[in-house]
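Peer 1: Sharing a structure here in structure tokens format.
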């Protein structure tokens, strides 16, 4: 082993031992996997990131290019999935363009506060987001929200693969199936996520540029059909709140991965700077593209070619029809639009890798990039199976994931402010991987379970409408946050009487 690799190995071992995380045997296994294998050494020389959920010590948090986090969120949401989410307002909930855009605006501004704030914790603690959650949910208890998070992340990847595959297939005149398109999108995303932090940041900094060109051309070509939407029909509270629930589901679940991309930033960075980079990175693309999606969906029935392309909810076909007047250039732009899905899938794959190590802690010794291969192998076949039920999947998925995401945010935020008084020094970082010293998690899990008593009656889903939701519309994600917060603090204080704070 050359001197450079010896230094890297010693630094890794020293950093982990300083954190008191693992036995010497486990550390040796981890470093054997990373450095003894010639392929691993070569990958790391090429800049592939092996680190999974191992904390980043303060001396290794040296990145000062804080704008990176803006581009991570900007590119991840400046894509075809945001467009599709916007179409749900008029297509599924029957809202006018004005009402759809108002819901999109106000609920994004509200709900994006949570993930944007949690990004500020990464530089302070050097812990991935779900590792931070161990300080409220406990070592074993955090497996429950991590499983929900894995399901959510896989769901987003599946939806993006379907959209990207549909869009690629729409320009092929039947020569390319949706299934092949899905495989192409997934493999490109795999390559980016496999490489890790450095390549991911480079890719996300550039990925939004061609997508901006596509949407500008689409508006330039189809803008004349968007200028005169049908007269607004008075919206019902039920429709507004149910659409708001899907918007909340779209963004709140970013809270469970927020810090995954900021743990290399210097601890001294002002929190307000990271917050505003993140908050704008979420809101600018999501609000603009979702409103654009609502506008095109409303106009589609009045334009025969658009309506034909949009058959069976084929969002890629709609956009291909919009761009088709520009000929082959339009097909090229449609390909770029399809590839925009990779900017969301790649960072999601990245966080999936980390969550697997939370759910199965012994896998912490396995290099992170190997899980990207596993995630791809799972996502591709599931996407192919679900490709022809896109709108049903999108509506049900976004409506459901907001509930657990709200409850999760309530727990970690109340733990930070009510229990630890907003002081990051109150987190004993040497305990991050020691189940004996971490909380039991009973308070967090019990608060979430008690909240279900109000969440379930307040749900408005295709397969179930609760008695409260029949009157008010879907208010499940709001009640999930409030009820969990009210239950968590007294339960956590009771827990602290038997187990001290770490």
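Cβ coordinates come from backbone N, Cα and C, glycine included.
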Peer 1: Can you check which of 25-47, 232-254 TrEMBL lists as transmembrane segment?
Peer 2: 232-254
Peer 1: Taking 3+ C-beta pairs under 8 angstroms (sequence gap of 6 or more) as contact, is the transmembrane segment (274-300) in contact with the transmembrane segment (102-123)?
Peer 2: yes
Peer 1: Which sequence-distant residues neighbour the transmembrane segment (102-123)? Criterion: at least 6 residues beyond either end, Cβ under 8 Å.
Peer 2: 61, 69, 86, 89, 95, 129, 132, 240, 243-244, 247-248, 251-252, 254-255, 258-263, 265-267, 269, 271, 274-276, 278-279, 282-283, 286-287, 290-291, 294, 409, 412-413, 424
Peer 1: Counting only pairs at least 6 apart in sequence, do the transmembrane segment (397-419) and the transmembrane segment (475-494) share 3+ Cβ pairs under 8 Å?
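Peer 2: When sequence-distant Cβ pairs are counted, the transmembrane segment (475-494) touches the transmembrane segment (397-419), since at least 3 lie under 8 Å.
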Peer 1: List, by number or range, the same-chain residues at least 6 past the transmembrane segment (232-254) whose CB is under 8 A from its CB atoms?
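Peer 2: Counting only partners 6 or more residues beyond its ends, the transmembrane segment (232-254) has Cβ contacts under 8 Å with 73, 82, 85, 88-89, 92-100, 103-104, 107-108, 111-112, 114-115, 149, 152, 156, 282, 286, 290, 395, 397-402, 404-406, 409, 460, 469, 471-477.
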Peer 1: Can you work out which residues elsewhere in the same chain, 6+ from the ends of the transmembrane segment (135-165), have a Cβ less than 8 Å from its Cβ atoms?
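Peer 2: For the transmembrane segment (135-165), the far contacts come to 79-81, 84, 178-186, 189, 253, 256-257, 315-316, 338-342, 344-345, 348-349, 351-352, 355-356, 358-359, 361, 375, 378-380, 382-383, 386-387, 390, 393-394, 397, 401, 404-405, 408, 411-412, 415, 419, 427, 432-435, 438-445, 492, 502.
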Peer 1: Near the transmembrane segment (475-494), which same-chain residues lie under 8 Å Cβ to Cβ, leaving out any that are not at least 6 residues past its ends?
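Peer 2: For the transmembrane segment (475-494), the sequence-distant neighbours (Cβ-Cβ under 8 Å, at least 6 residues beyond its ends) are 136, 241, 245, 248-249, 252, 402-407, 409-411, 413-415, 418-419, 439, 442-444, 446-448, 450-451, 453-456, 458-460, 466, 468-469.
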Peer 1: So are the transmembrane segment (70-96) and the transmembrane segment (440-463) touching or not, going by 3+ C-beta pairs under 8 A with a sequence gap of 6 or more?
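Peer 2: Contact between the transmembrane segment (440-463) and the transmembrane segment (70-96): absent, because fewer than 3 Cβ pairs are under 8 Å.
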Peer 1: When you look at the transmembrane segment (332-357) alongside the transmembrane segment (177-200), do they share 3+ Cβ pairs under 8 Å, ignoring any pair fewer than 6 residues apart in sequence?
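Peer 2: Output yes: the transmembrane segment (177-200) sits against the transmembrane segment (332-357).
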